[in-house]
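Below is one structure, written out as structure tokens, with a few remarks after it.
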Amino acid sequence: MLADGVGQRGPKSLTSSSGQQVSNGFTTSTPQSPREGPGTAASSGGTASGNGSSMPLGGLRTLVVQQTSLDRPRETWSKKMDFLLSVIGYAVDLGNVWRFPYICYQNGGGAFLLPYLLMAVFGGVPLFYMELALGQFHRSGCISIWKHICPIFKGIGFAICIIALYIAFYYNTIMAWALYYLLSSFRPTLPWTTCTNEWNTANCNRYMSTDHNVSWSNSSTSPAEEFYTRQVLQVHLSPGLHQLGSVSWQLALCLLFIFTVVYFSIWKGVKTSGKVVWVTATFPYLVLVVLLIRGATLPGAWRGVVFYLKPDWDKLLSTTVWIDAAAQIFFSLGPGFGVLLAFASYNPFHNNCYKDALVTSSVNCLTSFLSGFVIFTVLGYMAEMRQQNVDDVAKDAGPSLLFIIYAEAIANMPAATFFAIIFFLMIIMLGLDSTFAGLEGVITAMLDEFPHILVKRREWFVFGLVCVCYLGALSTLTYGGAFVVKLFEEYATGPAVITVVLLEVIAVSWFYGTNRFCNDIQVMLGFYPGCFWRVCWVAICPCFLLVRLMCSIYTHRLVFVFSIHEIQWCQLQHNHIKVSSVTLLC
């Protein structure tokens, strides 16, 4: 059998020919990774020469055929565009809409683009490219890939799956809030435009563009704010984390619908999710363009644009600006969640992942920049209407920027119902893409690690995973669920993911070896990565992540002490919660 095996080998080649020769010399009919080649070639070799021998050698050939027949051919994307849209949909999420515009104006406006681009070039894009190349070459999920790189780091894969699991516990809750808003928008008068509802308080102050002689003070609350905090979240019914209260049945049904859509989108694999993203990944861009055109025609929109882009070069001397830029680009591109490894593992072996990395990361950054115009044209309009400064209107970050400020601005537009429907539908689409990707990363990792148990039972495994995510999210659907969402978002995700990516880049660059990794890329793509990429993988990216991790740990330690005081203050004042505490915790 060894002699026949040698006879089947061809000369080693680094390029793809009509027979699809790969790095180990075996000829295959379809592009595949080098480690898949020997089994296929040995099988064909044994079959071809089996007729000429009746010695025990033929029995060995039969045994090899039986072993390789157990390996199912790996699923691939139906089209290249399915992969690109899936990666773009994963990278472009809710944070691009609210987090980037807020961080940009807070850290020097147009001057913030300089550290943002530098962090993208030297930190985010190299990590993005590294994960795509790893996944495509080894064709494995985030757990089983380590047996090809450095088995001692296999715990990184399990850590990624755990992080992705509890992210699904709270991330989809935000989409449930958006679905509640979407269903509430199908009426002539939007419910967050009036103060005559059962959830409104005496501090509610209706402030529409058609109203005149309305006094607005610091103690006033808008109808949009009270709809969000008292009707959707019902946070006033919970004194704090120590007593979350009952589960809101309205939000529970909304989240059940969200997870139902998620299940039927990913249960069959990337061939089904790759078709769904043609809608979920493209529709948000259509809505962003519509909202940008509408926002640019509003009175006072120019005030918001100036406030958004006016450079404050003095802030570049602050380390906080650079740390925020690193955090934004890192969490925007999303290495370390196992998603890029999973998506790239379904690519043809010779796919140009280098070009894919540059295209998708550029689209992600441009989308963040575009979202800033969409948000701040409306904030300038709100400032003009309230006769306030833009910074007073834009003082809130997080979901409250979308569900309070932007919702109130939409209510003041002509055809408010139409714009409310498409806006909250866009929010749901943005979230669905990231949920598809996050769960697919876990599914691919588990199926690759336990193929004989789970591959034939994929539908049931996905169903069980979705059920676990739904049950884990019930705590975020309680009256105090906004506290839980804030707790997960601030303390459970950031430092953990940064640590995982730091260990990953060290394992690949220092243990597996940069030269070996670059040789793998040359086998796939036909060219050797340049000096810039090698320096980034060996030195710049580890330093970039280490500094960001240390700053994150230090910052979260201070924020935790501050949050404890705010939570205690809220518990004393839960009968009259002020907007500052609501936006901090919700």
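Note that Cβ sites are derived from N, Cα and C of the backbone, with glycine treated the same way.
Copied from TrEMBL, the annotated features are:
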| type | residues | note |
| --- | --- | --- |
| BINDING | G89, A91, V92, N96, S332, N364, L430, D433, S434 | Na(+) binding site |
| COMPBIAS | 13-33 | compositional bias 'Polar residues' |
| COMPBIAS | 39-54 | compositional bias 'Low complexity' |
| DISULFID | C195-C204 | disulfide bond |
| REGION | 1-56 | region 'Disordered' |
| TRANSMEM | 83-101 | transmembrane segment |
| TRANSMEM | 113-134 | transmembrane segment |
| TRANSMEM | 155-183 | transmembrane segment |
| TRANSMEM | 247-264 | transmembrane segment |
| TRANSMEM | 276-302 | transmembrane segment |
| TRANSMEM | 322-346 | transmembrane segment |
| TRANSMEM | 358-383 | transmembrane segment |
| TRANSMEM | 403-430 | transmembrane segment |
| TRANSMEM | 460-485 | transmembrane segment |
| TRANSMEM | 491-513 | transmembrane segment |
| TRANSMEM | 525-547 | transmembrane segment |
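TrEMBL feature annotations superimposed on the structure.
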residue : record             : Cβ neighbours (10 Å)
G89     : Na(+) binding site : 27
V92     : Na(+) binding site : 27
C195    : disulfide bond     : 17
C204    : disulfide bond     : 20
S332    : Na(+) binding site : 22
L430    : Na(+) binding site : 27
S434    : Na(+) binding site : 25
Should anything in the same chain at least six residues away from the transmembrane segment (276-302) have a Cβ under 8 Å from its Cβ atoms, list it; otherwise answer none.
81-82, 85-86, 88-89, 92, 265, 367, 370-371, 373-374, 377-378, 380-385, 413, 419, 422-423, 425-426, 429-430, 432-433, 436
Using a Cβ-Cβ cut-off of under 8 Å, list the residues of the same chain that are 6+ residues beyond the ends of the transmembrane segment (322-346) and lie near it.
74-77, 83, 86-87, 90-91, 93, 95-96, 99-100, 103, 106-107, 112, 115-116, 118-120, 123-125, 127-128, 130-136, 138-142, 145, 157, 160-161, 163-164, 167, 270, 353, 361, 364-365, 368, 437-438, 440-445, 448, 494, 497-498, 500-501, 504, 544, 547-548, 551-552, 555
How about the transmembrane segment (358-383) and the transmembrane segment (113-134): do they have 3 or more C-beta pairs under 8 A, pairs 6 or more apart in sequence?
yes
Top stretch among 155-183, 403-430, 460-485, 491-513 for CB pairs under 8 A with the transmembrane segment (113-134)?
491-513
Taking a Cβ cut-off under 8 Å, which residues six or more beyond the ends of the transmembrane segment (247-264) line up next to it in the same chain?
172-173, 175-177, 179-180, 183, 232, 234, 428, 432, 435-436, 439, 462-463, 466, 469-470, 473-474, 477-479, 481
So which other residues, same chain and not among G89, A91, V92, N96, S332, N364, L430, D433, S434, have a Cβ within 8 Å of the centroid of the Cβ atoms at the Na(+) site?
I88, Y90, D93, G95, G334, T367
Should anything in the same chain at least six residues away from the transmembrane segment (525-547) have a Cβ under 8 Å from its Cβ atoms, list it; otherwise answer none.
14-16, 119, 122-123, 126-127, 129-130, 326, 350, 352-354, 498, 501-502, 505-506, 508-510, 514, 517-519
From G89, V92, S332, L430, S434, the binding-site residues whose CA lies within 10 Å of that of C204 (disulfide bond):
none
Measure from the CA atom of C195 (disulfide bond) to the CA atom of S434 (Na(+) binding site) and give the result in Å, rounded to a whole number.
36
